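Asker: Before I ask anything, let me first share the structure, which is written out below as structure tokens.
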Amino acid sequence: MTAIVDIIGREILDSRGNPTVEVDVVLEDGSVGRAAVPSGASTGAHEAVELRDGDKRRYLGKGVQKAVEAINDEIYEALSDMSVQDQVQIDQILIELDGTENKSRLGANAILGVSLACAKAAAISYDMPLYRYVGGTSARTLPVPMMNIVNGGVHADNPIDFQEFMIMPVGAPSFAEALRCGSEIFHTLKGELKKAGHNTNVGDEGGFAPNLPSADAALDFVMAAIGKAGYTAGEDVMLALDCAATEFFKDGKYVYEGENKSRSRSEQAKYLADLVARYPICSIEDGMSEDDMDGWKELTDLIGHKCQLVGDDLFVTNVTRLEDGIRNGRANSILIKVNQIGTLTETLAAVEMAYKAGYTAVMSHRSGETEDSTIADLAVATNCGQIKTGSLARSDRTAKYNQLLRIEQELDAQAKYAGRAALKALA
């Protein structure tokens, strides 16, 4: 009854209006699992390869027909009649079928779409929610949301060099209350920005993209909004940053074009340490460039005991890179992006490795998203305690928050909101 009878790939649009892959996996019992694949703007050099057509006459070269063809032909033939019960075997077949280290032949977008759709079809066939199917009976932790309310870097057309300024409602008693807190701060911030004469257009992830001169200026606005909304920064709400430092690391220096400043590796580490000392910042993602290994070690030694240091471009959800980071004392947390590695099995392996090493894990969206809410279920399935899925605007972001609300309601008394315990530096 759980045998795969059809796999249907198609080209759809993501939240930026670019093509992406969607996959339906149809089972013998009539169950259908559907998954849509996200896409990043600031991508790590070591990520699995997203296959694009490259035909400039169609979608400016960003079409994904080659990936769709691979799904409908080669991948379908390899998986047809298989049972979806064995996710590990399915993912191993997909990896071997591709035959490359970075999934560049079939495309990580094709492989991931099929991998996730198989898991969803299996969950439907067993009449189980996805978080329960993947995580078992222990899956009950609702994550603290990292809400990206000010956008900069490649996510926005403004002078701010850091990519994301986020709030984390760690003091809320439930996920629903955390979401309310974030929404109230988001709308208060909009009013404060308007009052100061800034535009309130939003970036790719739904956060505001004002013309502010520096990270300090952005943090000051966020701090003011937290207070005006009736919350206490450092108690009810903590701050988090995604520097996306790889994007402004040039010739061995961190070049802040918006501030007209350049910082050495040591100066970058000290600058971030100074921000942590002056603001209630509990998490910094990609504070150093993806290949600045000495910089990562210096930053971790400097503030790793009091701040979560998340490796995104550094680790790209890859167990080999994560293992190297753990062994050499770089970062203390990993960002989990399913499309960076390309299969559900490899994603879960990265989370497990992080846990065993005492690292935290943060489930994450990409800047190019869809209405697919799989990562909400995966955050609960893995009990990772943190999710990064954008602002309180744009339905591609709120789709994940709304799914978490449903899960919390469904779990009822079993639901546990991670709160401050999600961050080892605060626990």
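Note that Cβ sites are derived from N, Cα and C of the backbone, with glycine treated the same way.
Since this is a predicted model, take the numbers as computed values, not measurements.
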Asker: Just to be sure I read the record right: Glu285, Asp312 are listed as binding Mg(2+) in Swiss-Prot. Which of Asp236, Asp242, Asp372, Asp377 is listed for the same site?
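Answerer: Mg(2+) site check in Swiss-Prot: besides Glu285, Asp312, the record includes Asp242 out of Asp236, Asp242, Asp372, Asp377.
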Asker: Please pick, from Lys194, Lys337, Lys416, the residue that Swiss-Prot records in the (2R)-2-phosphoglycerate site together with Gln163, Arg366, Ser367, Lys388.
Answerer: Lys337
Asker: CA-CA, which of the recorded positions Gln163, Lys337, Arg366 lies nearest Glu285 (Mg(2+) binding site)?
Answerer: Gln163
Asker: Between Lys388 ((2R)-2-phosphoglycerate binding site) and Glu205 (active site, proton donor), what C-alpha distance do you get in Å?
Answerer: 10
Asker: Looking at the recorded positions Gln163, Glu205, Asp242, Asp312, Arg366, which ones sit with their CA no more than 10 Å from the CA of Lys337 (active site, proton acceptor)?
Answerer: Asp312, Arg366
Asker: Work through the recorded positions one by one (Glu205, Asp242, Asp312) and name whichever has its CA nearest to the CA of Ser367 ((2R)-2-phosphoglycerate binding site).
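Answerer: That would be Glu205, nearest by Cα distance.
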